[in-house]
């Protein structure tokens with residue numbers, strides 16, 4: 001399935017001798033792309049049952065979308081789309097993630113910003129990004145935002161968190177309304 005993986009294998013196979021330095025620079029593959037080839041294969045083998053990754057361009061593993069369809073909790077029956085961009089400096093910096101689906105959630109703003117500690121480049125508490133983390137950690141973290149990482153105590157969307165504190169049933173109704181209009 002992965003065109004880039006085939007390309008990397010082909011490029012590695014042709015490195016027996018270097019006649020000229022000119023062709024070397026045109027066939028150079030970044031460290032990010034080498035890491036992503038391995039990580040995407042691992043991700044596809046270990047994807048949560050509620051998630052589906054799609055790669056609009058199979059030659060660009062650094063840009064993909066993730067669909068999360070929670071099977072429990074407030075967000076059950078919704079389908080939430082995320083866009084994931086992996087910067088060239090990966091794995092020293094985290095991927096950039098944005099929610100494309102409008103959602104009423106304490107840790108995701110209505111315009112798609114996400115509060116997930118492992119996506120923080122600099123974290124005081126040590127739970128932020130580290131070079132040992134992988135795309136699998138990011139995907140499992142995004143999936144968990146709809147279940148065990150749903151955090152009303154440290155919200156990014158303060159209005160949603162306060163709404164939950166005031167009236168849980170009305171919060172549930174608003175979540176379902178958002179799902180009906182934006183997450184099908």
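Cβ coordinates come from backbone N, Cα and C, glycine included.
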Matching range for TrEMBL feature annotation, region 'Disordered', among 1-28, 29-56: 1-28
CB within-chain contacts under 8 A for residue 115 (active site, glycyl thioester intermediate), separation at least 6: 107, 108, 151, 154, 155, 156
